[in-house]
Ligand code: AMP
């Protein structure tokens, strides 16, 4: 079993790298952002609730997010392990994840932070907004708010795992393959 959290600001490349890790280690990838976007596309009540917060660059309330994540994990309890992408983003979410994992007799093995500075984030997300239909990617004010929310509410989660010796940092700058090879090194160091 291997359970990883890919961590970092919006636009740091978590989704891209998680997809590569998923293939390499046969893990189940859970992106709460993708789950919300699919709820919105399907016009569900949950999607309507989430959209209100996402369009402003705010976090969806913890109880909504945790409930959705719990259902997805329980539906895939046979997985060889999980890669969490975009979760946890607050301390109550980190506590809930610990709780869910221990209920499955599992634990988080590592949190890996992809470090990318704000100006690069804004540049990347505006570019992504042109090629995708992510509604929160087109507006610079919303992007900067997402970064502020990340710094105030989410970044402190790094310490939550660091205190337990489970937090790692790598640079999120460089080519996709360069970053992936740093990630592989970090993950393989856990497995020896
Ligand atoms: P992402 O694709 O991970 O950048 O997420 C897009 C948006 O979905 C975020 O700006 C939040 O509004 C919402 N979201 C995704 N994951 C979470 C989470 N774990 N907690 C609260 N809101 C979230």
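Glycine is treated like the rest: Cβ placed from N, Cα and C.
Note that TrEMBL annotation is computational and uncurated.
The shown structure was predicted, so the numbers you read here are calculated from the model rather than taken from an experiment.
Record features (TrEMBL):
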- 11, 12, 13, 14, 15, 16, 128, 174: ATP binding site (BINDING)
- 32, 37, 58, 59, 60, 86, 87, 88, 89, 93, 134, 146: AMP binding site (BINDING)
- 31-60: region 'NMP' (REGION)
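Overlay of TrEMBL annotations on the structure.
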| residue | record | CB count, 10 Å |
| --- | --- | --- |
| 11 | ATP binding site | 26 |
| 12 | ATP binding site | 23 |
| 13 | ATP binding site | 20 |
| 14 | ATP binding site | 24 |
| 15 | ATP binding site | 17 |
| 32 | AMP binding site | 22 |
| 58 | AMP binding site | 15 |
| 60 | AMP binding site | 19 |
| 128 | ATP binding site | 16 |
| 174 | ATP binding site | 13 |
DSSP three-state assignment for residue 128 (ATP binding site): helix
Binding-site residues compared (89, 134) - highest count of Cβ atoms within 10 Å: 89
Sequence-ordered binding-site residues from 14, 15, 16, 128 with Cβ under 6 Å of an atom of ligand 1: none
Spatial neighbours of residue 16 (ATP binding site) that are distant in sequence (at least 6 apart) but have CB under 8 A: 176
Mean per-residue pLDDT computed across the region 'NMP' (31-60): 96
C-beta crowding around residue 87 (AMP binding site), within 10 angstroms: 26
Between residue 11 (ATP binding site) and residue 87 (AMP binding site), the C-alpha gap once rounded to whole angstrom: 14
Residue distribution over DSSP helix, strand and coil in the region 'NMP' (31-60): 20 helix, 1 strand, 9 coil
Cα distance (Å, whole number) from residue 87 (AMP binding site) to residue 128 (ATP binding site): 21
Separation of alpha carbons, residue 87 (AMP binding site) and residue 14 (ATP binding site) (Å): 11
Cα-Cα distance maximum in Å, computed over every pair in 32, 37, 58, 59, 60, 86, 87, 88, 89, 93, 134, 146 that the record assigns to AMP: 24
